[in-house]
Amino acid sequence: MNKNKKIVVGMSGGVDSSVTALLLKQQGYDVVGLFMRNWEYGIKGSQCPNRIEFEDAKKVGALIGIEVRGKDFVKEYRDRVFDVFLEGLKQGLTPNPDILCNKEIKFNVFLNEAKSMGADMIATGHYAKIAKYKDHFVLDTPKDNTKDQSYFLHALSSEQLSHAMFPLGDLTKKEVREIARAHNLPVSDKKDSTGICFIGNQKFDEFITQHLQAIPGDILDENGKVIGKHKGLVCYTLGQRKGIGLGGIKGNESENNTHKPWFVASKDVVNNTLTIVQDTNHPLLMSKTVEASHMHWVLEEAPKVGDKLMAQVRYRQQKQACTVVEANEEKVVVEFDNPQRAVTLGQSLVLYSGDYCLGGGFISFYK
């Protein structure tokens with residue numbers, strides 16, 4: 001029944017995309033693997049091991065009996081993801097390149113490439129599900145809540161989702177690895193990739209300062225007193241604890257006379273100052289009201305004022321209850337039942353109705 005349906009699988013050389021290809025092959029689809037080369041190996045600070053990952057993908061393809069091709073999307077990734085990421089950092093924001101990559105590359109230029117290859121659908125190893133809700137294709141919560149990637153996929157349109165498959169949506173990560181081992185896939189025990197692809201194992205600030213100018217400035221305490229110097233605002237994000245480069249201040253020791261850790265509370269781009277506080281739940285780190293702009297609504301309509309929804313302000317955060325205070329096509333304001341820690345400008349606020357993802361936008365204000 002599926003023999004005439006051609007599926008192009010985005011293969012990364014990891015266990016998730018490999019098992020995705022295997023499952024679809026077993027289901028009788030005409031499967032072709034396509035490895036995306038999104039980053040130029042050797043670009044300043046780059047640590048993306050493209051060649052190794054491509055070889056792993058081809059080994060899996062040979063084992064399960066599918067062709068695996070490679071395609072260069074370096075220019076598109078640079079223009080639509082990396083440059084946008086850098087511009088956001090310059091403005092004092094903390095953009096998420098994975099969200100941009102899914103919207104602009106994997107489910108856009110990759111999808112178009114797959115169509116040119118005669119594909120009926122594309123498939124990836126994301127942990128998510130697709131459902132029909134109010135005549136639209138929407139993201140649904142996967143079986144493995146700990147791996148739920150709908151946060152990264154929230155900017156996809158119903159049209160994009162109509163051409164996509166997520167075969168791992170009904171599996172746990174443990175089950176995926178068990179399937180890989182049972183079929184002797186060479187990547188069955190390969191570690192999951194973490195962090196931002198193009199940064200690799202480097203420290204964030206070491207990589208970023210190769211691409212953006214870091215201008216040192218004053219570090220302030222909550223009262224506005226200068227207590228140190230920062231390396232450049234592009235090197236920090238809200239809630240950050242490590243790498244601030246400031247020890248304890250006399251008079252702020254804890255009961256056992258050890259210095260309390262510092263946390264980044266805010267960045268002032270205009271004055272080039274970094275405000276830090278002590279106490280992981282300091283009031284300056286907590287917010288109940290969050291505004292997001294540049295909204296993408298999967299249902300093509302905003303929720304209503306007063307709607308009770310669930311939301312995430314970062315990946316892997318447990319979904320939090322909130323109430324819609326204001327909403328239109330471009331903007332939404334929600335008030336959380338409980339204060340949220342380290343809400344960050346430029347990150348995404350993603351909203352859910354039950355298990356369905358309604359969409360999201362870039363955080364533009366919080367208090």
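The chain as shown is numbered from 1 upward.
Quick reminder: no glycine exception, Cβ is built from N, Cα and C everywhere.
Under the DSSP three-state reduction, Cys101 (active site, nucleophile) is assigned to helix. Sequence annotations record features per position, and here Swiss-Prot assigns active site, nucleophile to Cys101.
The active site, cysteine persulfide intermediate annotation in Swiss-Prot covers Cys197 and rests on sequence analysis.
Just so you know, the Cβ of Asp16 (ATP binding site) picks up 25 other Cβ atoms within 10 Å once every protein chain is counted. Under the heading ATP binding site, Swiss-Prot lists Gly10, Met11, Ser12, Gly13, Gly14, Val15, Asp16, Ser17, Met36, Gly125.
Per Swiss-Prot, disulfide bond is recorded for Cys101-Cys197, and the stated evidence type is sequence analysis. Long-range C-beta contacts of Cys101 (active site, nucleophile), restricted to its own chain and to partners at least six residues apart, with a cutoff below 8 Å, comprise Asn38, Tyr77, Val81.
Swiss-Prot lists His126 (among others) with the feature site 'Interaction with tRNA', giving sequence analysis as the kind of evidence. Its own atom aside, the Cβ of His126 (site 'Interaction with tRNA') has 26 Cβ atoms within 10 angstroms in the protein chains shown.
The Cβ neighbour count for Gln347 (site 'Interaction with tRNA'), using a 10 Å radius over every protein chain in view, is 24. When secondary structure is read from DSSP and collapsed to three states, Gln347 (site 'Interaction with tRNA') falls in the coil class. If you look up Swiss-Prot, you'll see Gln347 (among others) marked as site 'Interaction with tRNA'.
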Taking only the CA atoms, the spacing between Met36 (ATP binding site) and His126 (site 'Interaction with tRNA'), expressed in whole angstrom, is 15
Using the alpha carbons only, what distance in Å do you get between Cys197 (active site, cysteine persulfide intermediate) and Ser12 (ATP binding site) once rounded?
11
Highest CB neighbour count within 10 A among the binding-site residues Gly10, Gly14?
Gly10
For Ser12 (ATP binding site), list the number of other Cβ atoms lying within 10 Å of its Cβ atom.
22
Between Gln347 (site 'Interaction with tRNA') and Asp16 (ATP binding site), what C-alpha distance do you get in Å?
25
Met36 (ATP binding site) in three-state DSSP notation
strand
Largest CA-to-CA spread of ATP binders Gly10, Met11, Ser12, Gly13, Gly14, Val15, Asp16, Ser17, Met36, Gly125, angstrom:
16
